[in-house]
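Since the structure comes first, as C-alpha cells, the remarks are kept for the end.
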Amino acid sequence: MEERIVSAEATELEEQSEQGLRPKRLADYIGQETVKHNLAVFMEAAKMREEALDHVLLYGPPGLGKTTLAAIIAAEMGGELRTTSGPAIERSGDLAAILTALEPGDVLFIDEIHRLNRTVEEVLYPAMEDFCLDIVIGKGPTARSVRLDLPPFTLVGATTRAGMLSSPLRDRFGVMARLEYYKPEELAQIVERSATVFQATLEPSAALELARRSRGTPRIANRLLRRVRDFAQVGGEAAISLERACSALEQLHVDPLGLDHIDDKLLKGMIEKFNGGPVGLETIAATIGEEAATIEEVYEPYLLQIGFIQRTPRGRIATPACYAHYGVEKQNG
C-alpha cells in the first residue's frame, strides 16, 4: 500500500515522536467531551471506593487518541502503564508473564485487542473477571490446574474494529467508549498546542486551515503541521501564515477537504470510467491498482463519512456532493 500523508495509521517514527505531544492529564485532553466526562466520573468513583477502575474498551477509527487516553487513565489512577498489542501476544504463556508482573493498580493496555488469538483470549477471562490466572502444570494424566491470584488491575483494550471482538471478551469490559472524529475547532486547538511544543509560531487562521484538512484526526493534523513547519522554516519565515499553510498543503497534494491524490484517483475513476457507478469493489481495485480490502478498510471510511460515495447492493456510487467537488455534471444514460 502506498504511503500517504493523510493516513491515520502511525509510522514507527511517529509513535516515538508523538510521546512529547500527548497530554498527561484528562483536563488537558482536547475533544471527546462525553468520553472524558464519563471517564472522569468512573475514575473518581473507583478512587473513592479504593478499587481498580473497571476494564475499559476504547474503539473507533485510528489516530483519535486511544493510546493517549490509556496513558491518562494510568496517570489519573496512580498506576503504571504496561503496553502491548494483540499480535505481540502469540501464546498464553506470553500473556501469563505479563499478567503476573503487574502491580496493584497498574493499567494493562492492549492495542489491536481484536487480533488476540482465542487461546490467549481465554486466559484473559478469569484475569478480567476474578483477578486470577489458571495455569496447567505438567502434561498428560499428571497435569493439574493451579489458580494464581493477580493484583487488582485495569485492562484498557483499544480497537478500530469492535465488531471483530468475541462476545465473551466484549462483555467483560465494564466501560465501553467510542471515540469520534474531531471538529475543526478542536483540531485547531490541538495543532496550536503541538506548535507550542515544536516551538513554532502558528497563526490561528493557519491552525484552522490545517485542522480542516486533517480528516477529523489529530495524528494527521500533527503530521501536516510538521511538514508545513518544514516549508516555513526552509522559506525563512518566522511564523506559519495562512498563505504558507495553504501553499505547503497544495505542494503535499492535500486539498481543502483533506483528500489526496489517491482519493482523487479513486473518485475520478468512478466518475470518468463508470459514470459514477454503481461499480463493484473489485473493479475499483483493479482500476487503481490496489487491493479490495485496502480500499474498503483504509480509503472508503473517510469518503463515506463526508458523503462522497455510497455503498449499495449493486456496488459503489459517487454522490452528487462528489460530482460538485470536482465540478463535473453526471452524464445521463
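Just so it is clear, glycine is given a Cβ too, placed from its N, Cα and C backbone atoms.
Listed in Swiss-Prot:
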| type | residues | note |
| --- | --- | --- |
| BINDING | Leu21, Arg22, Gly63, Lys66, Thr67, Thr68, Glu129, Asp130, Phe131, Arg172, Tyr182, Arg219 | ATP binding site |
| BINDING | Thr67 | Mg(2+) binding site |
| BINDING | Arg311, Arg316 | DNA binding site |
| REGION | 1-182 | region 'Large ATPase domain (RuvB-L)' |
| REGION | 183-253 | region 'Small ATPAse domain (RuvB-S)' |
| REGION | 256-333 | region 'Head domain (RuvB-H)' |
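Looking at the residues that bind ATP per the record, Leu21, Arg22, Gly63, Lys66, Thr67, Thr68, Glu129, Asp130, Phe131, Arg172, Tyr182, Arg219, the two CA atoms farthest apart are separated by 37 Å.
If you measure from the Cα atom of Arg316 (DNA binding site) to that of Leu21 (ATP binding site), you get 38 Å. Most Cβ neighbours within 10 Å, among the binding-site residues Arg311, Arg316: Arg316 holds that distinction in the structure as shown. Note on the region 'Large ATPase domain (RuvB-L)' (1-182): its mean pLDDT in the predicted model is 89. Counting every protein chain shown, the number of other Cβ atoms lying within 10 Å of the Cβ of Leu21 (ATP binding site) is 17.
It is 31 Å from the Cα atom of Thr67 (ATP binding site) to that of Arg311 (DNA binding site). Ranking the binding-site residues Phe131, Tyr182 by C-beta neighbours within 10 Å puts Tyr182 at the top. In this structure, the CA atom of Tyr182 (ATP binding site) is 24 Å away from the CA atom of Arg311 (DNA binding site). Around the Cβ of Gly63 (ATP binding site), 27 further Cβ atoms fall within 10 Å across all displayed protein chains.
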